[in-house]
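Features reported for this protein in TrEMBL:
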TRANSMEM  B:51-69  transmembrane segment
TRANSMEM  B:81-99  transmembrane segment
TRANSMEM  B:106-124  transmembrane segment
TRANSMEM  B:136-165  transmembrane segment
TRANSMEM  B:177-198  transmembrane segment
TRANSMEM  B:218-251  transmembrane segment
TRANSMEM  B:263-284  transmembrane segment
TRANSMEM  B:290-309  transmembrane segment
Amino acid sequence: MAVVEADGVTFAYGDTPVVEDVSLAVEPGAFLGLVGPNGSGKTTLLELLVGLHRPDAGSVSLFGEPAHAFADGERVGYVAQDATHAGGRMPVTVREAVRMGRYPHRPFGRFSADDRRAVESALDRVGVRDLADRRVDRLSGGQQQRVAIARTLAAEADLLALDEPTVGVDAESREAFYELLAELNASGLTVILVEHDIGVVTTHATEIACLNRRLFFHGDPDTFVETDALADAYGGDQHVLAHDHP
Amino acid sequence: MTGVPMLAAMPPLLLSGLLDWVLDDVWGTALDVLAALTGVEMLGYPFMQRAYLAAVCLAVIAPLVGSFLVHREMAMIGDTLAHSAFAGVAVGLFVNATYALSVPPLLTALLVAAVAAVLVQLLVDRIGTYSDTSMAVVLTGSFAVGSVLVTATDGGIAVGINSYLFGSLATVTRRSLGVLLAMTLLVTVVVTVAYRPLLYATFDEVGARAAGLNVGRYNLLLVVLTAVVVVAAMQILGVILVAGMLVIPVATAGWMRGFRRAVVAAVAAGLVATVTGATLSYVYDVAAGGAIILVAIAVYAAVGTARTLRSTVTVLPTRTGGDRPVEADGGDGRD
């Protein structure tokens, strides 16, 4: 069974069509890179895939259930584009932020030994253990991204969905971050990554989807660079949309 | 079959008995003992004992709910709902004056504030943000309703409304204290139970939604809780100063490390403000609401100044070649 399956998905903000007739399936263990020009609907498609919107037409199924009604929330880890701004100046520590990953498992009551173990191992896995008692808002952009990933690991999510996670992160931390993603993917986690840097995607992803409102390509990176999909998607058929990342 | 009416009469009896026990046997006795030990006579006066208990309740619930509001940049929703509660009081007094009823104004205040809370949330869901415009519409609209109703009865209820406009500690009756205690218990229990979803939704709303949390429901819960706190606080602080108690203690504790600790620290800062404010209000015979908010601001300023001084002092040795390693964050000891 596919982790996520979109079938003829169409979605508009008011009168502005953002995603049109997109069908694609993401199999367990895949690392899908979602690319496309600015305003191509990448973010919206990702939000549709994890059930944050209900499609106007077509359907999205998440682990075999309709995505917008999917209740088993801990299986999905979502890191939004502005995750580095999450919480603003809230006095939340790294450990507190990572513990939030366990909240869907345990909305109230004491944390079990399993919960605590999941949190500690998530802190270790992304290398922020020594920052555990620091405030999230005092960390660098790269460290904050790792905390966001740790939260989804603590949730023991099966699907990790990231929207341009390295915006505002320095080059060195970015490379380390993508290596971490590749490692997590190698250990079985399904990853969907929205990214404007095509070089990063073709290096790390196992499959590419190229979007400009409609889906121009879905296949492996090697084929992608050989076809004209990129030029087609970025080329003539472009419309200026009201917003870049709605 | 006599058991049924007896059972039906039990809860009110039980409640008033419970209130007597809490007020007289527990709180009253404790303060009497404190008065005898310290020689501070005012601690022994029943009206001051009630005032202090009200101050404690206020210091617990306002920062508790305010902690979630401030970090969502929803601070002014407290002000908006306070004005709605004011309209609610006016509705209650108006209905009582016109139809010779005796509806408690606090009840109508709670109803109107809760309706306004839901209305604001609906507006927000439509517009997508806590816009200043929608807040201003509800705030001024509420106050307009209140002022029209107050003047519609030839000023007959204007006297009654004054105590809600400016608040008072001296007029806290046993009955209103009972209501305040019940509200405090309710707010504390609800926030404790819903702490995790509220925190998650405040920290990362989109992430919380993706994790399957019904964020809309918790946003609604938060604004309705705010309405309850505002109505509870209004009798003491007055309509206009309510927002201060939701915001200032939270800002005072904003530098803490850890959200839970910050909430506890905000309640502590709130306690200092309300207890000191209540005392000053009695000693100098000034408005309790004003005194409480001024003390809260003084605590905020003092904590801010102390932290600025401390970080200046700890930075100096580093500059002159101390043994502290230079850290990426400037090594100024802040984290």
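Yeah, the Cβs are placed from backbone N, Cα and C, and that goes for glycine too.
Note that the structure is predicted; figures quoted are calculated from it, not measured.
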Could you pull out which residues elsewhere in the chain have a CB under 8 Å from any CB of the transmembrane segment (B:263-284), counting only those six or more residues past its ends?
42, 48, 51-52, 55-56, 58-60, 62-64, 66-67, 169, 245, 248-250, 252-253, 256, 291-296, 299-300, 303
What stretch of B:51-69, B:81-99, B:106-124, B:218-251, B:290-309 shows the most Cβ pairs under 8 Å to the transmembrane segment (B:136-165)?
B:81-99
Cβ under 8 Å to the transmembrane segment (B:106-124), counting only same-chain residues 6 or more beyond its ends: which ones?
77, 80-82, 84-89, 91-92, 95, 130-131, 134-135, 138, 142, 164, 176, 179, 219-220, 223-224, 226-228, 230-231, 234-235
Who are the long-range neighbours of the transmembrane segment (B:290-309) in its own chain, taking Cβ under 8 Å and residues 6 or more past its ends?
55, 58, 236-237, 241, 244-245, 248-249, 251-252, 255, 269-270, 272-274, 276-278, 280-281, 284
